[in-house]
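Before any comments, here is the structure.
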Protein chains: 2
Amino acid sequence: MKPIRVGLLGLGVVGGGVWTVLAQNGGEIARRAGRRIEVAAVAVRDVAKARALVGPDVTVTTDGMALARDPDIDIIVELMGGDTVARDCILEAIAQGKHVVTANKALLAVHGNEIFAAAQARGVMVAFEAAVAGGIPIIKAIREGLTANRIQWLAGIINGTTNFILSEMRQRGLPFDAVLAEAQRLGYAEADPTFDIEGVDAAHKLTLLASLAFGIPVQFDKAYIEGISRLASEDIVHAERLGYRIKLLGITRRRPEGIELRVHPALVPDHCLLANVEGAMNAVLVRGDAVGPSLYYGQGAGALPTASAVVADLVDVTRLQMADPEHRVPHLAFQPDAMADIPVLPMADVRTCFYLRLRVDDRPGVLADLARVLSDAGISVGSMFQQPHGEHQADIIFLTHEAREGDVDQALRAIHGLPFVRSDVTRLRVENIT
Amino acid sequence: MKPIRVGLLGLGVVGGGVWTVLAQNGGEIARRAGRRIEVAAVAVRDVAKARALVGPDVTVTTDGMALARDPDIDIIVELMGGDTVARDCILEAIAQGKHVVTANKALLAVHGNEIFAAAQARGVMVAFEAAVAGGIPIIKAIREGLTANRIQWLAGIINGTTNFILSEMRQRGLPFDAVLAEAQRLGYAEADPTFDIEGVDAAHKLTLLASLAFGIPVQFDKAYIEGISRLASEDIVHAERLGYRIKLLGITRRRPEGIELRVHPALVPDHCLLANVEGAMNAVLVRGDAVGPSLYYGQGAGALPTASAVVADLVDVTRLQMADPEHRVPHLAFQPDAMADIPVLPMADVRTCFYLRLRVDDRPGVLADLARVLSDAGISVGSMFQQPHGEHQADIIFLTHEAREGDVDQALRAIHGLPFVRSDVTRLRVENIT
């Protein structure tokens, strides 16, 4: 059979990885796909550099739109990133009736509804396994492997940079800034690490996972996002003493009133598998009503792991490109006419357990007053411990039972007004996931 | 669209689970699949009991072959088990042009080549996600999620009964027989537990995974199988002291000379995720050259988890039933005309590290003599420790570097002949997987 001809937009880390994987495993891949998959053209900024890599037989251009319009190209693989040129090229490829594979989570989390609708209308596929958790086939697992289930919730470590930083902070007892600098030196963090450390990248990915899990449109703007840049080393130490590790989790959960959609650091029990996902690794724990808990683990970034997902999508698209659209897996797991209209819950209505730490004057009655404020707000304390700080002060840590976040915020405002309270209250969520 | 009509052979634990999942999540499943999936008929031994479950609108019969031939049935789901009637019904369904979904690992591991060839010739699908690791979509992950990779090896905890027994032996310090009896009482082990505890069930599943990973025919008869029934509690204790846990692993690996295909207890480092898979849970670690290590974890048995996999297959088949066969994923991951002819290695040629334990007279020169025998056989020792046993004897434990199993067996024969050796040598393989 004639080879499938791919137009590759971008030949950076991931694009180079795709080139390498197709070159290295082309035979093995053709044995699975039933035909060869060839890069016919690449669009790049630096033509000479690209030419040196791909040799004389591949078209090299700086014009991505030209590739999107080239009738000799069967599938466009978009690995440029960004949401301007990438978006234009993808929409043009779709308009031309081409299938698209992309790793661009930022684009899909924001413009996904538009892009998937355009693809649906034109009868083409937009595949995006590489957009979430690198080489882990998590989109396939949720979209096809767990179709029997009413998915209840999922929680994932879906940003390798922050997981690396948190692992190093815990294992080596170093503060955030020192570990971030080291991560930048090692290439685990970018020069401008904001998107990673502030949780934005994880929220892009979580937005996509939530759509797949619950059949709702992508709605990044509704996600609650809190990063790790203000996380204190001492909370990592306290958490460990209490039998927890702190991870940056993306969590989405179906509640009767709506969908939780949130990224934030959380304490997780140290014996659970997610707590033991260390370094730059990713993992997603998915709970379905039939399957129970299931976990997917692997490298969430890097040239070859991400290329593994891109090429798996290429094989899927190659298999199904001539099939009727109705035979294909829907982009967001559910049929477009069967999407649900469930609201995303405001954070104030989310219920979790909490870790609260504050400094107080060490004198009688303090604990009673704090307990009273919490109890008045309907928050019940699971455990408490206290650590002297100097002669006249103490740090108090509460672990609460499940409480509504809005109620906790209200209680914290009251606590801040108490005369013996000497610090802000550090508030972290506790996820007793299993 | 008209509902898909399913004929269910068997309404036991898993069959009942499939009925429940389709009843409970029918709407959610139709939102994904694009049409409803309905059980139209069941074949069972006890008609009255089945009738009570499925109500008046479903055909109930004792004749599976009649269902396989019924032109009103689109897909046959075989959940009877066994390899006589089940095989006949599956082959008849295929001959009638029906798609088949089955959880029958024993049947596929032995008769898979015949069944898949018949399906291929007739242009129908035989889906078997539920045959390995229950609800974990491991077959989909390997067959579709990792298509970009040359898979190097995989190692799995793919039998929940034995993992439950090993977890209990370690955590509660109990001997094998006591834990087995408890597992039987709790329903984690069958009245006749032979297939589970002797590794046969795991080998059935491993046989299928090896085919998917490497594109080789199923060849259960070439698998090396060793169970856990002769595992001594003291080896679990020694292993733990050395930083290992003992798990029953199914391992398959591509070597230049051939494929390793083996099920046996093995020491695995206690910090790795596989070592921390406890109780009746399953997990499979797959290493591909592009993706690196990836792990899939979940419930490997039980009514609803297994039904989760059966129904996911039903959705896949529903989507693709009218598509050309060329658009479908090949049964064994690789196209039938592209299967590889790589031999399965004899166990003697497999190389691993080893744990060796033996009792000796406690006198000078013993260690030197043992080390000499090992070194003469080309086996190098990584570490050794000794524990006094009474006044005049000692237990010696060696951890070797990687060695050829045939060489180790030869050395053990020589060691058994030494005058100061007072026991058989307990030999366990060590897998330093990451």
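Note: Cβ is positioned from N, Cα and C throughout, glycine not excepted.
As written in TrEMBL, here are the features:
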{"type": "ACT_SITE", "residues": "B:Lys205", "note": "active site, proton donor"}
{"type": "BINDING", "residues": "B:Leu9, B:Gly10, B:Leu11, B:Gly12, B:Val13, B:Val14, B:Gly15, B:Gly16", "note": "NADP(+) binding site"}
{"type": "BINDING", "residues": "B:Lys105", "note": "NADPH binding site"}
{"type": "BINDING", "residues": "B:Glu190", "note": "L-homoserine binding site"}
{"type": "DOMAIN", "residues": "B:355-430", "note": "domain 'ACT'"}
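Overlay of TrEMBL annotations on the structure.
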residue	record	Cβ within 10 Å
B:Leu9	NADP(+) binding site	28
B:Gly10	NADP(+) binding site	27
B:Gly12	NADP(+) binding site	13
B:Val13	NADP(+) binding site	15
B:Val14	NADP(+) binding site	26
B:Gly15	NADP(+) binding site	27
B:Gly16	NADP(+) binding site	19
B:Lys105	NADPH binding site	25
B:Glu190	L-homoserine binding site	13
B:Lys205	active site, proton donor	26
Sorted by sequence, non-B:Leu9, B:Gly10, B:Leu11, B:Gly12, B:Val13, B:Val14, B:Gly15, B:Gly16 residues with Cβ within 8 Å of centre, NADP(+): B:Leu8, B:Gly17, B:Val18, B:Val44, B:Leu79, B:Met80
Long-range Cβ environment of B:Leu11 (NADP(+) binding site), under 8 Å and at least 6 residues apart: B:Trp19, B:Val42, B:Val44, B:Ala50, B:Leu53, B:Val54, B:Leu79
Rounded Cα-Cα span from the residue listed as 'L-homoserine binding site' to B:Gly16 (NADP(+) binding site), Å: 18
Conformational class of B:Leu9 (NADP(+) binding site) under the three-state DSSP mapping: strand
By Cα-Cα distance, the member of recorded positions B:Lys105, B:Glu190, B:Lys205 nearest B:Gly15 (NADP(+) binding site): B:Lys105
Helix, strand and coil counts within the domain 'ACT' (B:355-430) (DSSP): 23 helix, 32 strand, 21 coil
Rounded Cα separation (Å) that holds between B:Val14 (NADP(+) binding site) and B:Lys205 (active site, proton donor): 17
Mean of the pLDDT scores, which run from 0 to 100, over the domain 'ACT' (B:355-430): 95
Cα separation, B:Lys105 (NADPH binding site) to B:Leu9 (NADP(+) binding site) (Å, whole number): 15
Length of the line joining the Cα atoms of B:Val13 (NADP(+) binding site) and the residue listed as 'L-homoserine binding site', in Å: 13
